[in-house]
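Summarising the annotation, Swiss-Prot assigns ATP binding site to 4-11, 133-140 and lists sequence analysis as the type of evidence. Positions annotated as Zn(2+) binding site by Swiss-Prot, on the basis of sequence analysis: His157, Cys177, Cys179, Cys184.
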Amino acid sequence: MYYGFDIGGTKIALGVFDSGRQLQWEKRVPTPRDSYDAFLDAVCELVAEADRRFGCKGSVGIGIPGMPETEDGTLYAANVPAASGKPLRADLSARLDRDVRLDNDANCFALSEAWDDEFTQYPLVMGLILGTGVGGGLIFNGKPITGKSYITGEFGHMRLPVDALTMMGLDFPLRRCGCGQHGCIENYLSGRGFAWLYQHYYHQPLQAPEIIALYDQGDEQARAHVERYLDLLAVCLGNILTIVDPDLVVIGGGLSNFPAITTQLAERLPRHLLPVARVPRIERARHGDAGGMRGAAFLHLTD
């Protein structure tokens, strides 16, 4: 059996998957915020419960919003303070007496989608998350590409390309990002960025769901906003696709629930790609909230 943990700032979710990649059981508990020992106990107790329930010693994979430090194995995870700065993988492997695998949650999302029955035909899969922030992951032949510093797929921290500034205006604000840089694309393409763009142009502080509701009602202002957003997304994605050239792009995060994102994006891409480039298949994520658990469990399918 394959145990996949999706760990966030508020919850630890465990999903148990069989050899056919089907979910057999899941359970969620609150994430301890202050005590590393309590955090380890919570994970180990869930593993012990799953072992008892299924009568076996399952493989353990963990997806967490952070990056392992490749030099010493410690974890940087600002949203999970109890585990940040700790050698999480080594400690859990020792306590559970098995090989625990760990990756960031965006890579687990991408891995989950790449192992979907319909998508396994594609050698190079790119997961793109348009949610609170912008991120993603790259999967090649069923395995995550992490890079030397575990920052592969941090698409949100690419800066706006010159074509975006030409389209939006050279005086377009280069917003300061939490990473310390200015003009990172997640400040414009995330759910928060989607709302910020609307307020910037129309001086109305609406949230993304409210804007999308207006769009669905045929509101001309909301429709103009969505056109502008999709054009900006296409410009930025064009740069990424020129570097990566994936077979498939799977879009997740809150904005993926807005059908225009996946149905109207492909037609905008060719003018931002090389003439010989082919637009990849673009699909909405298939596995929703279960994607993090699935991808973490499938870290043990990558041998």
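Keep in mind that glycine also has a Cβ here, set from the backbone N, Cα and C atoms.
The Cβ of Cys179 (Zn(2+) binding site) lies under 8 Å from the Cβ of His157, each of these being in the same chain and 6 or more residues away along the sequence. Counting other C-beta atoms within 10 Å of each candidate's C-beta, the binding-site residues Cys177, Cys184 are led by Cys184. Spatially close to Thr10 (ATP binding site) yet at least six residues away along the chain are Pro30, Thr31, judged by Cβ distances under 8 angstroms. A C-beta separation below 8 Å, combined with a sequence spacing of at least six in one chain, links Gly135 (ATP binding site) to Ala106, Ile129, Gly153, Glu154, Phe155, Gly156, Glu186. When the binding-site residues Gly8, Gly133, Gly137 are compared by the number of other CB atoms within 10 angstroms of each CB, Gly8 has the fewest. Sequence-distant contacts of Asp6 (ATP binding site), defined as residues of its own chain at least six apart whose C-beta falls under 8 angstroms from its C-beta, comprise Ile12, Ala13, Gly15, Gly63, Asp105, Cys108, Gly292, Met293, Ala296. Listed in chain order, the residues near the Zn(2+) site other than His157, Cys177, Cys179, Cys184 are Gly156, Arg159, Gly178, Gly180, Gln181, Glu186, Asn187, each with its Cβ within 8 Å of the site Cβ centroid. Sequence-distant contacts (6 or more apart, same chain, Cβ under 8 Å) of Gly4 (ATP binding site) comprise Leu14, Gly15, Val16, Phe17, Gly61, Ile62, Gly63, Cys108, Gly292, Met293, Arg294, Gly295, Ala296, Ala297, Phe298, Leu299. Of all the binding-site residues in the record (Gly8, Gly133, Gly137, Ile139), the one with the smallest CA separation from Cys177 (Zn(2+) binding site) is Gly133. Within 10 Å of the C-beta of His157 (Zn(2+) binding site) we count 19 further C-beta atoms, all protein chains included. Following the DSSP three-state reduction, the secondary structure of Gly135 (ATP binding site) is strand. You'll find the Cα of Cys184 (Zn(2+) binding site) roughly 11 Å from the Cα of Gly133 (ATP binding site). The local packing around Ile139 (ATP binding site), expressed as other Cβ atoms within 10 Å of its Cβ over all shown chains, amounts to 29. In three-state terms derived from DSSP, Cys177 (Zn(2+) binding site) belongs to neither a helical nor a strand segment and is classed as coil.
DSSP assigns His157 (Zn(2+) binding site) to a helical segment in the three-state reduction.
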